Amino acid sequence: MLGAEVPLAEVTLPGFRAGLTRQTHGAALVSAAGAQVRGAVADLSGLPQQRLEFWADVFGYQPRALPEIDAIGYGCAEAGQDWDLAAWQDRWGATVRRASEDVISFLGDRDPQTMRRSLEQIMVRAASWARAQAEETPMNMRHGFTAEDVETDAARKPYLDFFMLEEQDLRFRKFNGGVSATVQRAAFVSGDAVTVLPYDPVRDRVLVIEQFRFGPLLRGDRWPWSLEPIAGRIDPGESPADTAAREAQEEAGLAISRLESVANYYPSPGAVSEYLFSYVGIADLPDEAARIGGLEAEAEDIRGVILPFDGLMELLQSGEAQNGPLVLTALWLQAHRGRLRGAGSI
């Protein structure tokens, strides 16, 4: 994070404890009589000091003098429960380190206040990166190349807000054993997300939602309202299954009794980093389950529509179903419907 190796000296600071910050899940100094916290100090100046100060400002840390050890430390008003290093490493370490690298990469291009507005989504993308790093992917058919077979000469991030755009000048290993010429690639960077299609196996019906979508509007679609499964981004610390249950409640007011995994996949890997976890969610779907929903805080206006299974298939046949996860999940449901109905309960 500092951009250079710096010598560290171990210290023990009396009158403080390490508290867990709520938004960024890091450690901050909290005054606590009778407590003490172990740490390290470094003599910083120049660029390493600038990097630390920028990072701390973006992550909401306030500097404070520590005369007990003749140093400057960082506290955070929102720090709460005790911070445990082992637990933090296990749950948050990879995510926070990745988010920190992302934040530091904007030093000199954006001010801390602007960066703070994007911090929540930076954390979402960092959690997706950590999830991808931890995944074990089958390699039975692919050649076996890894990320180490890509060499990046230059990287640029010309856009950062809710999403991020990244450009790279890179070279990659070729199947003939050589290396490609330097090529420029650009991608739309977003966090992982889930989709869930609620299905009632007793009534043999599904619930789809309809909502306005900006992407079809930009394409020139005259009807930019889309029929879709329930969907949402995976928050840091959540599992995909947790997100599926939460989004079903937020968007449609539904309690999902069981999730059936459909597929995990990149919907458009040529230009988008998004990775989806798609589910069928077993749920009770009486007529009144079709309602207007969504979170006001996110300006959501979502219409729930209940369809018999045959009606769902008609959407595919007519071409009205234009949402990739809906098409994929409907075809999965067609293949597994007999098994789900045979279970006989919700």
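Keep in mind that glycine also has a Cβ here, set from the backbone N, Cα and C atoms.
Per TrEMBL, the feature domain 'Nudix hydrolase' maps to 189-329. The annotation Mg(2+) binding site is assigned in TrEMBL to ALA231, GLU247, GLU251, GLU300. Sequence annotations record features per position, and here TrEMBL assigns motif 'Nudix box' to 232-254.
Residues ALA231, GLU247, GLU251, GLU300 make up the record's Mg(2+) site, and a Cβ search at 8 Å around their centroid adds ILE209, ILE230, GLY232, GLU250, ALA252, GLY294, LEU295, ILE302 from the same chain. Averaged over the motif 'Nudix box' (232-254), the predicted model has a pLDDT of 95.
Note on the motif 'Nudix box' (232-254): DSSP counts are 13 helix, 2 strand, 8 coil. In the three-state DSSP classification, ALA231 (Mg(2+) binding site) falls within a strand.
Of the listed binding-site residues GLU247, GLU300, the Cβ environment within 10 Å is emptiest of other Cβ atoms at GLU300. Applying DSSP to the domain 'Nudix hydrolase' (189-329) sorts its residues as follows: 41 helix, 50 strand, 50 coil.
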